[in-house]
Amino acid sequence: MKSKRWYERIPNPYILLFLIIVMAGIMTYIVPAGEFDRAEVGGRMGVVAGTYHRVDQAPVGLFDLFTALPIGMVKAASIIFITLISGALFGLLNATGALENAVGLAVRRIGVDKGPRLVWLMTFVFGFLGATVGFENNIALVPIAILVALALGGDLMVGAGMAVAGIGVGFATSPINPYTVGVGHVIANLPIFSGALLRTGFCLASLALVADHTCRYLARIKKDRSASLVAGIDTEGLSLRRPLEEYSLDGRDRLVLASFLLGMGIILFGVFQWKWYITEISAVFIIMAVVAGYLAGMTSDAIIAKMVRGAGDIAGGALIIGVARGIQVILDDGRIGDTIVQALASPLSGLPVTLSAILMTVVHSVINFFIPSGSGQAMATLPIMIPLSDLIGMTRQTAILAFQVGDGVMNLLVPTLGGLLAMIALARVPFDRWFRFAFPLVLKILVVSWAFLALAVAVNWGPA
């Protein structure tokens, strides 16, 4: 019998995350408890560099490992609910048939043989949305990519590659990311969103890697269907159900699609103009679903039934977000999060500048597992990393890029990030199979990012 590779032995995500919670609980007995002093920076609470100190040990008990699960679900409630509501919205849209008709018609006109071209186009469209609108804000668009991928003769992973990786990498490498670049520039006292030219080049190069990686996978599974990473997963309700030549749009379809586009336009306006986030976007999703249902000629009972079924289809993926959040609950209760940050940051001093920049991405990648929030990690680490960069002769701009890479690119792999779990749940892609697809992609992007960091060090990239 052929032995499984290491990434094929990854357990069920629920089991994996609970094992990590148990490990975090054990660490509260072993790792010294400690804290940094904190002060307000740009309206947010951040650590004060050089103030780390030991505090009384606060080990968690056995029962705390289980209470961390519901507490985590409460703390991650907004992401859990937008996941369920997104599922409800697309359950309703799929039931109207308008989305399927639109995708079928578009693929027929473009041509199935133009699949790679469409993959590149959609990857950059999703990347643009990730770069400008955010990560979780685009969660409801994932099923569209799945429909297109299946229509092109691909599988669920092709759709996830275009949407989840496209949005994730666009968000991670965005030159105008408010949660990483924006907060980082405030902490470093740099002009907001300065250094955009180099970051834009990095963003475009990274999205090109995503598109190429997805196209190579598409070509491989078209040649050999047994190479699919998601073989055997049910695609009912996600794929086109008729031959391409039978697809067309009638009046009701156009009304439903127009209402969907109008809703997305309102969300874009709200995000930029009124600083909307998950709660407001979730509310618009509900309105969009109800309006689309009535425009499609459904009764109120039918609308509710379709929405409930759509939410139910991804309930498992939504609940796991709360389980992942439970890890941070344990670290916070055990008061060891700051100790981990201090231990990882300290060894960087005294190394060559280029090597320090590269290792900063590694340090931030590890910390990202424990603090998957971009702005949260910025407030916890950059007040330490910025003075460190000053000491070793690295520009602050370069230090923020290293943070941006370590925090953002690794978001494609960490099972503790609610937005990632929500998106792959919508795509019906299990985490272990997603990991097998995304791991080599992340390695490619990291290599490119290190080249950009080396360039930043070489040219003394500023403003410093």
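Cβ coordinates are placed from backbone N, Cα and C, and glycine is handled just like the others.
The transmembrane segment annotation in TrEMBL covers 12-31 (among others).
Residues or ranges marked as transmembrane segment in TrEMBL: 76-97 (among others).
The feature transmembrane segment is assigned by TrEMBL to 118-135 (among others).
Positions annotated as transmembrane segment by TrEMBL: 141-169 (among others). Using a Cβ-Cβ cut-off under 8 Å and counting only residues 6 or more beyond its ends in the same chain, the transmembrane segment (141-169) has close neighbours at 86, 90, 93-94, 99-100, 103-104, 106-107, 112, 115, 118-119, 122-127, 129-130, 135, 203, 206-207, 209-211, 213-214, 217-218, 221-222, 228-231, 233, 235, 238-240, 244, 408-409, 411-412, 420, 423-424, 426-429, 433-434, 437-438, 441, 445.
For the transmembrane segment (255-272), the residues of the chain that approach it from at least six positions outside its boundaries are 93, 96, 98-99, 102, 133-134, 137, 249, 280-281, 284-285, 287-288, 291-292, 295-296, judged by C-beta separation under 8 angstroms. Look at TrEMBL and you will find 255-272 (among others) tagged as transmembrane segment.
Positions annotated as transmembrane segment by TrEMBL: 278-298 (among others). Outside the transmembrane segment (278-298) by six or more residues, the chain places 78-79, 81-82, 85-86, 88-89, 92-93, 95-98, 136-137, 140, 252, 255-256, 259-260, 263, 266-267, 270-271, 306-307 with a CB less than 8 A from a CB of the stretch.
What TrEMBL lists as transmembrane segment is 310-331 (among others).
If you look up TrEMBL, you'll see 409-429 (among others) marked as transmembrane segment.
Taken from TrEMBL, the feature transmembrane segment covers 441-461 (among others). Residues of the same chain lying 6 or more positions beyond the ends of the transmembrane segment (441-461) and with a Cβ under 8 Å from any Cβ of it are 165, 169, 195, 198, 201-202, 205-206, 209-210, 213, 353-354, 357-358, 361, 394-395, 397-398, 401-402, 405, 409-410, 412-413.
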Checklist line | Same-chain residues at least 6 beyond the ends of the transmembrane segment (12-31) whose Cβ lies under 8 Å from its Cβ atoms | finding: 57-60, 62, 64-65, 68-69, 320, 323-324, 326-327, 330-331, 333-336, 339-340, 415-416, 421, 430-432
Check: Any residues 6+ beyond the ends of the transmembrane segment (76-97) with a Cβ under 8 Å from its own?
Finding: 136, 139-140, 142-143, 237-238, 252-253, 256, 260, 277-279, 281-282, 285-286, 288-289, 292-293, 296, 298, 302-303, 306-315, 317-319, 321-322, 324-325, 418-419, 422, 425-426
